[in-house]
Amino acid sequence: MTQETALLPTSPEAGDLNVPARKVFVKTYGCQMNVYDSDRMSDALSRDGYVATDVLEEADFVLLNTCHIREKAAEKVYSELGRLRDLKKAKAREGREMLIGVAGCVAQAEGKEILRRAPAVDLVIGPQTYHRLPEALRRARTGERIVETDYAIEDKFVHLPAPDKAKTRARGVTAFLTVQEGCDKFCTFCVVPYTRGSEVSRPVAQIVAEAEKLVEGGVREITLLGQNVNAWHGAGPHGREWGLGDLLRRLGEIEGLARLRYTTSHPRDMDDSLIEAHRSMAKLMPYLHLPVQSGSDRILKAMNRRHTAAEYLALVARIRAVQPDLALSGDFIVGFPGETDEDFEDTLRLVDAVNYAQAFSFKYSTRPGTPGAELEQQVPEDVKAKRLEILQALLIKQQRGFAEACVGREIDLLLEKPGRMPGQLVGRSPWLQPVNVDAKASQIGDIIRVRITKAGPNSLFAEMIGETEARS
């Protein structure tokens with residue numbers, strides 16, 4: 001996934017009004033956390049005098065916020081950097097300067113190697129040092145080539161600017177909020193512990209303050225983010241240890257915040273308090289992304305997942321017992337080293353047993369530096385491709401079945417943005433599906449009562465039937 005993120009205009013006090021403002025173009029690859037990080041870097045640069053452009057050729061600074069989760073991710077970045085190098089040279093011939101920066105997990109993994117392989121790059125900055133971006137960019141403008149890839153994660157959240165009310169309102173009625181970063185699980189296929197570091201949880205007060213700022217800016221729904229978001233822990237009142245369930249309950253007390261979600265979860269960190277939140281919290285949407293990766297105990301052990309297929313299924317049953325309306329999503333990897341036809345059949349059996357509302361599935365890709373890269377019995381590409389085709393066909397069938405079962409249901413719908421057709425808006429169902437409905441643009445941010453009338457391939461259609469809970 002890529003997303004182009006443009007900064008919003010800076011305020012006049014950000015710089016001399018007689019000097020043309022510098023323009024920045026941010027391209028975001030990968031997960032929701034990168035989208036969140038791009039927004040926060042954008043806020044920091046905006047306060048330093050940068051303004052938006054969604055036209056690459058206009059940019060004085062181009063920043064690629066990268067993802068390293070899949071094979072050849074770094075090579076794709078280098079390919080993009082080659083194109084940017086050519087643009088930089090063309091602008092230099094016209095007497096115009098353009099700096100290039102690389103952020104995100106490729107920056108963390110590659111570090112100085114990026115400067116060696118891509119001499120046009122001026123700045124490399126890892127995920128834990130985004131608060132240093134404005135200063136690093138000032139240094140880069142003097143000709144210094146910058147690499148900032150240490151793990152000062154505590155400083156990052158302390159020093160990044162709080163969400164700006166005007167910018168928040170312009171970004172929409174839903175928002176991401178990172179509460180946890182890093183991973184201590186060390187699954188053998190995954191680079192995250194090496195690019196994002198150890199698990200670190202943000203303090204309660206800091207999270208609540210940011211959530212309140214978002215709500216002040218018109219946000220109605222917040223999704224809490226973390227590499228292992230349900231590993232979040234912090235100190236509550238009187239020093240009591242809090243888990244994610246406690247944090248959700250505290251955020252649920254914020255007036256004006258209508259909905260909460262969280263992602264991504266690890267099965268081992270789904271504790272009783274969090275499961276209970278799915279029963280008792282009306283604001284917590286009945287949707288859970290709970291990756292399992294494989295249905296084979298042998299492969300799960302090789303992946304270092306530290307749970308069995310039976311334990312995963314038992315956990316799903318516990319959660320559905322308290323929230324029968326739950327939509328479950330998952331992640332799957334096919335073709336992990338040593339995976340046999342029988343192992344793959346175990347995965348299909350698990351998928352049948354769970355009946356996912358949606359899921360994400362991928363062929364195993366070797367990640368340099370991970371234990372999985374050293375394993376023997378690598379599965380041939382054609383075998384991986386065939387297994388992925390079979391698995392995705394089953395998952396698509398389940399997703400369509402879930403969507404069709406929604407037809408006729410009445411739900412509360414948060415209207416998020418204009419639809420593709422005139423007079424149409426799009427919102428998200430409680431189960432995260434896009435829902436199209438005829439409504440006025442002035443109703444964006446409202447929660448309306450609708451009846452689902454049709455299930456399309458990738459979205460639902462609805463008619464309005466009830467009163468509006470207006471956005472304040």
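Placed from the backbone N, Cα and C atoms, the Cβ positions cover glycine too.
Look at CYS105 ([4Fe-4S] cluster 1 binding site): DSSP puts it in a helix. Neighbours of CYS105 ([4Fe-4S] cluster 1 binding site), defined as other CB atoms within 10 A of its CB across all chains, total 26. If you look up Swiss-Prot, you'll see CYS31, CYS67, CYS105 marked as [4Fe-4S] cluster 1 binding site, on the strength of sequence analysis.
Among the features that Swiss-Prot reports, [4Fe-4S] cluster 2 binding site is placed at CYS183, CYS187, CYS190. Look at CYS183 ([4Fe-4S] cluster 2 binding site): DSSP puts it in coil. Annotation for CYS183 ([4Fe-4S] cluster 2 binding site): same-chain Cβ neighbours under 8 Å, separated by at least 6 residues, are CYS190, VAL192, PRO193, ARG196, SER198, GLU199, GLN227, ASN228.
Across the domain 'MTTase N-terminal' (22-142), the model assigns an average pLDDT of 89. Feature annotation from Swiss-Prot assigns domain 'MTTase N-terminal' to 22-142; the stated evidence is sequence analysis.
For 169-403, the entry in Swiss-Prot reads domain 'Radical SAM core'.
The domain 'TRAM' feature in Swiss-Prot is assigned to 404-466; the stated evidence is sequence analysis.
Cβ-based neighbour count (10 Å, all protein chains) for CYS190 ([4Fe-4S] cluster 2 binding site) stands at 21. Per-class residue totals from DSSP over the domain 'TRAM' (404-466), listed helix then strand then coil: 6 helix, 35 strand, 22 coil. A Cα-Cα distance of 18 Å separates CYS31 ([4Fe-4S] cluster 1 binding site) from CYS187 ([4Fe-4S] cluster 2 binding site). Cβ-based neighbour count (10 Å, all protein chains) for CYS31 ([4Fe-4S] cluster 1 binding site) stands at 20. Here the Cβ of CYS187 ([4Fe-4S] cluster 2 binding site) has 22 other Cβ atoms within 10 Å, regardless of which shown protein chain they belong to. Comparing CYS67 ([4Fe-4S] cluster 1 binding site) with CYS187 ([4Fe-4S] cluster 2 binding site), their Cα atoms are 18 Å apart once rounded. Taking H, G and I as helix, E and B as strand and the rest as coil, DSSP gives the domain 'MTTase N-terminal' (22-142) the counts 66 helix, 26 strand, 29 coil. Other Cβ atoms within 10 Å of the Cβ of CYS67 ([4Fe-4S] cluster 1 binding site) number 21 in total over all chains.
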